[in-house]
Amino acid sequence: MSGKIKVTFIVNDGEEKTVEAPIGLSILEITHSNDLDLEGACEGSLACATCHVILEEEFYNKLKKPTEAEEDMLDLAFGLTDTSRLGCQIILTEELDGIKVRLPSATRNIKL
């Protein structure tokens, strides 16, 4: 697990922030280590949808399909799109170099 890739985050005002991120970490971990606003209330345990992100189709298609548990949580996400994923479930790999990740302007945290 060595090496870094470029990840560009698009925040709700359209501003882009590009960071170098270590391969093997999740999008959720990268947002937290770079002071970007992505909640992750359940800390990556697939119990909420507050780390919902939107990907470009090119990169969405490079990921493994979401698990049933992730799809169940995505159903609760605010502003769901065809290329929505949970940031805690996207683990960075070399083929994701240059990925663009849109951070939604709002989240929905439903306590179960």
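Keep in mind that glycine also has a Cβ here, set from the backbone N, Cα and C atoms.
Copied from Swiss-Prot, the annotated features are:
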- 5-107: domain '2Fe-2S ferredoxin-type' (DOMAIN)
- C42, C48, C51, C88: [2Fe-2S] cluster binding site (BINDING)
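Feature map: Swiss-Prot annotations on the structure.
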residue : record                        : DSSP (3 states)
C42     : [2Fe-2S] cluster binding site : coil
C48     : [2Fe-2S] cluster binding site : coil
C88     : [2Fe-2S] cluster binding site : helix
Other residues, Cβ within 8 Å of C42, C48, C51, C88 Cβ centroid ([2Fe-2S] cluster site): L28, E39, G40, A41, E43, G44, S45, L46, A47, A49, T50, M73, L86, G87
Lowest local Cβ density among C42, C48, C88, which the record lists as binding-site residues, within 10 Å: C42
Cβ-Cβ neighbours of C51 ([2Fe-2S] cluster binding site) (radius 10 Å): 29
